[in-house]
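The structure under discussion appears below in the form of structure tokens.
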Amino acid sequence: MALFRKKDKYIRITPNNSLKGSVSHNVPEVPDELFAKCPACKHMIYKKDLGLAKICPTCSYNFRISAQERLTLTVDEGSFQELFTSIETKDPLRFPGYQEKLQKAKEITGLHEAVLTGKAMVKGQQIALAIMDSHFIMASMGTVVGEKITRLFELAIEENLPVVIFTASGGARMQEGIMSLMQMAKVSAAVKRHSNAGLFYLTILTDPTTGGVTASFAMEGDIILAEPQSLVGFAGRRVIETTVRENLPDNFQKAEFLQDHGFVDAIVKRTELRDKIAHLVSFHGGGQ
């Protein structure tokens with residue numbers, strides 16, 4: 001029996017569907033591409049505030065940029081001549097899903113492979129230039145990446161040019177097995193021939209530079225620069241900690257840590273790299 005049920009002390013409101021629809025219709029939608037979250041300070045940033053260099057205005061974190069964006073920041077306008085575009089990536093091991101991954105990377109980046117190679121001018125100084133793009137299968141080094149960089153050094157020897165490489169990589173490309181690992185030795189041999197010719201080689205380490213690229217040509221430059229807070233190393237942090245059974249410093253494998261221990265010559269802000277490259281190339285004989 002519900003003869004003595006207490007009355008509710010609140011009223012019930014039935015939503016007015018027509019009113020609800022009109023309210024939601026007037027709420028402005030913010031496009032996803034307008035803002036970016038800084039991985040370092042976690043702040044939401046209006047993308048236009050990042051500028052062309054894509055540097056966080058709050059903490060100065062350097063966002064990862066594409067090879068084309070790097071090219072725009074670095075070389076004299078209209079001076080870049082791309083080379084070795086006809087070299088095609090093969091699938092010698094018939095690795096499952098590799099062809100699809102390659103095609104997707106090409107569509108995302110507009111590149112044929114993980115490295116952009118060519119000749120360019122930087123403030124009037126001619127250089128042989130390679131820029132690795134981490135958006136292309138994490139800039140992993142396969143046979144084509146190794147071949148393009150090797151040919152770049154060979155061209156630089158023939159034309160008496162300095163070589164400048166912006167490195168970024170997750171390491172050797174597992175889909176190509178031992179052939180990807182062989183690129184470490186092949187490129188290093190080309191670096192040696194270039195050095196024997198008395199020519200200048202400059203590397204700029206960007207985030208991330210790891211694995212086989214670090215263990216070969218990334219650390220073989222006559223001068224090694226790095227962008228602030230770039231991750232640079234061979235094996236991963238957790239792998240090392242598990243192996244040595246020790247806790248590593250918080251800044252371990254950061255560019256600043258490597259500079260303190262003599263592996264990097266200087267940390268250079270992204271906005272100052274163009275001037276620094278031109279100065280170093282000119283100081284070491286130039287490229288005219």
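Numbering starts at 1 and runs along the chain as displayed.
Quick reminder: no glycine exception, Cβ is built from N, Cα and C everywhere.
Feature annotation from Swiss-Prot assigns domain 'CoA carboxyltransferase N-terminal' to 34-288; the stated evidence is sequence analysis. Marked as Zn(2+) binding site by Swiss-Prot: CYS38, CYS41, CYS56, CYS59. According to Swiss-Prot, the feature zinc finger maps to 38-59.
Taken through DSSP, the zinc finger (38-59) splits into 4 helix, 4 strand, 14 coil. The Zn(2+) site is defined by CYS38, CYS41, CYS56, CYS59, and by the 8 Å test on Cβ atoms against their centroid, the other residues of the chain that qualify are PRO39, ALA40, LYS42, HIS43, ILE45, PRO57, THR58, SER60, TYR61.
Most Cβ neighbours within 10 Å among the binding-site residues CYS56, CYS59: this distinction goes to CYS56.
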